[in-house]
Structure formats: structure tokens, C-alpha cells
Amino acid sequence: MKTLTWTAKETMSILSAPAPVPEPGWIALRVAGVGICGSELSGYLGHNELRKPPLVMGHEFSGVVEEVGHGVTNVKIGDLVTANPLVTCGRCIHCLRGERQRCESRRIIGIDFPGAYAERVLVPSNQCYAVKDAIDGALVEPLACAVRAVGLARIKVGDTAVVIGAGIIGLMTVRLLGLSGAKRIAVVDPNDERLKISQLWGATEMAPNLGALLTDNHPQSFDCVIDAVGLSTTRRDSLNALIRGGRAVWIGLHEALTHLDGNQIVRDELEVRGSFCYTDDEFIRAVSLINSQKFLPVDRQWLDVRSLEEGPAAFKELVNGSPFSKIILTF
């Protein structure tokens, strides 16, 4: 089968590999659509310690069931599904609490298993969910990440919020903030095209940097800041923009080390929460939102769909500042 394989830093290659066969309880999907995630761009640049080349990445995907392993009864050949890419033990305290994203031995399809940048991918059958559209189905996973981040932010009606980063997770976060009752939703991104696109998702203010949103009279202006980038600078900015008692949720994964003012956190009673992946319930909510066919903006100028063969060029474009918030590869 054909694969898009990360072979070295800043190198994606179209290669061939044997088609995998599902074990008991697993299924093989003929990949229909797979999104390029910001964490994969970080890996591509050599900034993500979880990913090591050579690797077939791809954890945001949909596909058609092509083969089922022994004992699988919940899906059948021909079904169009998406899949939760988290593979966990099911026995540790976190799994037993319904918090599989914290599993002590968690693994992820596209990192620890070959991912969906290939014609075929293997997934656990009990983590598959029916979707109505192949392209939309590849957007469930990033939406589940946004669902968790906004849930951790504990938005109240009338809250003010800012989202740093107008990639797809940032944009989905904007939409969810609006649905949660936030009245002022600002978006920060250096890309002018992405800022314009954020209005389609419900942004009320846009700026190329956080300083442009803050005033001398109100240097700390927001109840909540969601950092969907993950740089040291954006993490520090997220704290500097909060009112006293404000909440910062970090969902972006990029730089490992960040120097913070601990006294500021104490004196202003700030909350800082990390947000990683999602619970099963949050993933299921994302499936429901996508299948409602009402969540995503009708105007899709934020999305571009390309062939797998265009994958190497797409990675280069995205790291150099693409106007598209999401590129999905198809077969």
C-alpha cells in the first residue's frame, strides 16, 4: 500500500508498505480522509519528543471498514467511521475512572502505531463511530480536543475569552466558547487570512498579537485564555492577559520548557490547566456535533482537501504559514 512517511527532519516521502492485517478485536479501514495536525508539524520539524522517524503519522481520520478481526461485531465491512486513536490498558486507575487520556501506558495511533497517512490503517473496533461524511469525519478528533479544552475552561455566560492560535483546534474552540455563553471572543494569530476566517467561527475581535488587544487601562482583560499554540511566549502571554482569578488552558504542544512568574500566579490566583486529548464522552460529543452537520461553518475557506501525493508539499506550506487552518489528505 501507499504511505506518506516521515523519514527524517523536515522530510515526508511517498513510500510503499505491506497492507496490515487486523488482529482480534481490531479492524482495517480504507482511509478516506486524514488531517494534518499541528503536533505532527512539530514532529516534522524535530520538536516533538514523542515522534521518531521513520513514522507513518496521522491520527485525525475517517475510513471505510475493509476487513474485521476475529470477534468484531459492532461494525461491518462498508461502514464509514472515524476512530478514537487512543489505545489504553483499561485497567489502571485513570482508565477505571473514565479518563483514558491519562492512562499510565497510553499509546496513540500515528505515534506508537502506524497512522492514517496510508491507504489502510488498523484501529480497535470498539473505538469506532459512524460518521455521515468522510471529510467531516476526519475533523472529529480535533473537535474532541477543543471540547475538552473548553470544558476545562469552565465558561460562564458573559465571560470574556481569547484564543491564541487560529488553527483548526483554535477555531473550533472559538465556536464552542460562543455556544458556552462567552460574550467577547478574541482570536490572536499572526496570519491575516486565518484571522479573517476566525470570524466565520464566531470571533468578535481579531489581532496579530495579544498586546494589540490589551490597553493601558486594562492590561489584564480576559476571564479565560486558551493557548492552542504551545510556545513559551504564548504561554506567558496567556497569563498576562488574565484578570485576577482568571483561567488559562494550554492545549498547544510545541516547546517543552516555559519560564513563568510564579509570584504572579499566586498573587493573582490564576489557574493553569493542561488539556490533553479527551475522554470517551468528549469524543462522542464531538462525533455528535459533526454528525449534526450544523457545527462547521458552511463557508469552507478555512479547509483545503488534497491528495496524499501532495502531502510533502502540504507539510512545507503549513510550517511556512498557510492561509488554511486545516489540510485534509485523501485517496
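Using the three backbone atoms N, Cα and C, a Cβ is placed for every residue, glycine included.
Taken from Swiss-Prot, the feature Zn(2+) 1 binding site covers C37, H59, E60. Mapped onto three states, the DSSP output places C37 (Zn(2+) 1 binding site) in coil.
Look at Swiss-Prot and you will find C89, C92, C95, C103 tagged as Zn(2+) 2 binding site, backed by similarity to another entry. For C103 (Zn(2+) 2 binding site), the same-chain residues that are 6 or more apart in sequence and have a Cβ closer than 8 Å to its Cβ are L86, T88, C89, C92, H94, C95.
The NAD(+) binding site feature in Swiss-Prot is assigned to I169, D189, R194, I251, G252, L253. Summarising the environment of L253 (NAD(+) binding site), the number of other Cβ atoms within 10 Å of its Cβ, over all protein chains shown, is 19.
Long-range Cβ contacts of H59 (Zn(2+) 1 binding site) within its own chain (separation 6+, distance under 8 Å): C37, P85, I108, I109, G110, I111, G115, A116, E141. Here E60 (Zn(2+) 1 binding site) is positioned 12 angstrom away from I169 (NAD(+) binding site), judged by their C-alpha atoms. Reduced to three states, the DSSP call for C103 (Zn(2+) 2 binding site) is coil. Between the candidate binding-site residues, C37, C95, I169, the densest Cβ environment within 10 Å is the one around I169. Cα separation, L253 (NAD(+) binding site) to E60 (Zn(2+) 1 binding site), rounded: 16 Å. In sequence order, T88, G90, R91, I93, H94, L96, R100, E104, S105, R106 are the same-chain residues whose CB sits within 8 A of the CB centroid of C89, C92, C95, C103, the residues recorded for Zn(2+) 2 being left out.
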